[in-house]
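Annotated transmembrane segment per Swiss-Prot: 19-39, 63-83, 106-126, 140-160, 173-195, 200-222, 265-285, 288-308, 324-344, 348-368, 388-408, 410-430, in sequence order, evidence recorded as sequence analysis.
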Amino acid sequence: MKQAVFKSTALKKPADKTFSLFSLTWPIFIEVSLYMFMGNADTLMLSQYSDNSVAAVGVSNQILNLIIVMFSFIATGTTVIISQFLGSRQKKEAMEVAYVSIGANFFISLAISAVVFFAAVPLLHMMGLSDALMPDAKVFLQVVGGLSFIQALIMTFSAILKSYGYTKDTMFVTIGMNILNIAGNFVVIFGLFGFPVLGVAGVAMSTSIARVIGLIAMIVIVNKRIQLKMSLKKVFHMHKEHLRKLLKIGIPSAGEQLSYNLSQMIVTYFIAIMGAQALTTKVYTQNITMFILLFGTAISQGTQILIGRYIGGKQFDAAYERCMKSLYWALGIAAATSVLMTIFSKDLIGLFTQSPDIIATASLLIAMTIILEPGRSFNVIIINSLRAAGDAKFPVYMAMISMWGIGLPLAYLFGIHLGFGLAGIWISFIADEWVRGILMYRRWRSRIWIQKGMA
């Protein structure tokens with residue numbers, strides 16, 4: 001992408017800082033990519049230690065991923081509400097929301113972290129973990145999960161910085177955390193510099209230490225950039241009206257994510273019925289095609305910040321046009337990258353496996369992304385735009401109806417009952433994404449969201 005492409009999208013001073021979609025989006029793209037990498041780095045590096053440790057950490061990460069979704073709802077509300085207040089030049093109120101979001105996410109995440117620490121074993125038993133894997137999984141979940149409130153605070157500070165347009169700062173912190181995490185993993189897995197080989201426990205400590213340092217960096221940067229002083233009195237003073245606004249945006253957003261994750265767990269169960277090869281094919285295919293989603297995710301987050309400001313400044317036409325332009329770019333990029341991946345699909349899958357059956361099936365699934373990913377772009381872009389406008393409930397209702405009323409039934413019908421296998425599952429994904437995408441598009445075109453602004 002070239003910066004010139006996005007010049008016409010520049011936000012014209014609804015606050016002190018002027019920025020374009022491009023200036024917001026490229027750091028977010030790198031940050032999201034690195035967060036995905038950091039989530040997989042522990043597993044990848046532990047594969048050099050033992051297969052059991054990989055399995056144990058993999059199961060623990062499934063629980064941790066659900067916890068992250070629970071933390072994200074405050075961060076989502078923070079981005080929207082602060083952006084709206086800045087757009088309407090209510091800087092004092094924007095600062096108050098920042099304090100409320102830090103305090104609220106601290107209390108919520110601390111409580112969840114405590115539950116995870118003390119209930120680690122029952123939670124792992126619920127996942128069907130074998131006794132052989134329990135010791136490693138317990139250690140990892142208790143250390144990383146017990147300190148997961150640190151990640152919640154990082155997400156909150158990151159949301160605050162992004163709302164003010166400082167997306168590069170959050171990117172650099174994420175880069176630093178990745179470097180520290182990988183370096184620490186090397187030390188504790190391979191026993192470098194005289195350190196003992198600590199395996200899973202060492203990796204858990206390495207991950208947590210990297211996050212602690214990342215949090216400290218975030219606090220320093222927020223203080224420097226927006227003069228947000230870490231006063232306990234201000235952080236723990238819960239401004240009821242601001243908290244209500246955060247929850248009004250955040251809770252529906254979390255509900256949508258939880259609904260999606262739960263529906264995907266059921267889809268995974270359907271695929272498990274097809275056998276281990278089908279599961280392996282699904283993992284390889286989604287690991288490859290996840291790259292397509294990263295572009296849409298970055299564009300949607302940058303768009304959300306801009307639209308939040310436009311809504312706060314009552315620039316509704318500008319907000320409408322910003323969403324539509326972002327949608328067109330996301331559709332074009334999704335289509336182009338899907339076609340490229342289809343052309344080189346066999347080479348890409350060959351990086352993971354030499355199985356002819358897996359390569360053939362995965363190639364078909366990647367070809368189907370040419371239809372799937374543009375539909376997903378509608379949802380990724382417009383849902384975040386609706387949230388930025390304060391219209392958070394509609395996407396949740398439509399998601400539940402489409403995922404559970406269309407996606408899952410079709411997954412069973414085509415994948416299991418009619419015997420189409422993974423191709424049938426992908427057909428259900430296409431149907432779900434396009435039905436929701438069209439509904440989101442109609443909602444945005446209706447401009448009902450103009451009535452939902454919160455600041």
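For all residues, glycine too, the Cβ spot is worked out from N, Cα and C.
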For the transmembrane segment (63-83), which recorded stretch in the set 106-126, 265-285, 410-430 gives the largest number of Cβ pairs separated by under 8 Å?
106-126
Taking contact to mean three or more C-beta pairs under 8 angstroms, with sequence separation of 6 or more, is the transmembrane segment (288-308) in contact with the transmembrane segment (348-368)?
yes
I'd like to know if the transmembrane segment (140-160) touches the transmembrane segment (200-222) in this structure, counting it as a touch only when three or more C-beta pairs sit under 8 Å and are separated by 6 or more positions.
yes
Considering only Cβ pairs under 8 Å, which range in 106-126, 140-160, 265-285, 324-344, 348-368 makes the most contacts with the transmembrane segment (410-430)?
265-285
If we skip the immediate neighbours and take only residues 6+ beyond the ends of the transmembrane segment (324-344), which ones have a Cβ under 8 Å from one of its Cβ atoms?
9, 21, 288-289, 291-292, 295-296, 299-300, 302-303, 363, 366-367, 369-370, 372-374, 376-378, 380-382, 385, 441, 444
Quick test of the contact rule: Cβ under 8 Å, at least six residues beyond the ends. What residues does that give for the transmembrane segment (106-126)?
59-60, 63, 67, 70-71, 74, 134, 137-138, 141-142, 145-149, 151-153, 235
If we skip the immediate neighbours and take only residues 6+ beyond the ends of the transmembrane segment (348-368), which ones have a Cβ under 8 Å from one of its Cβ atoms?
277-278, 280-281, 284-285, 287-289, 338, 341-342, 421-423, 426-427, 430
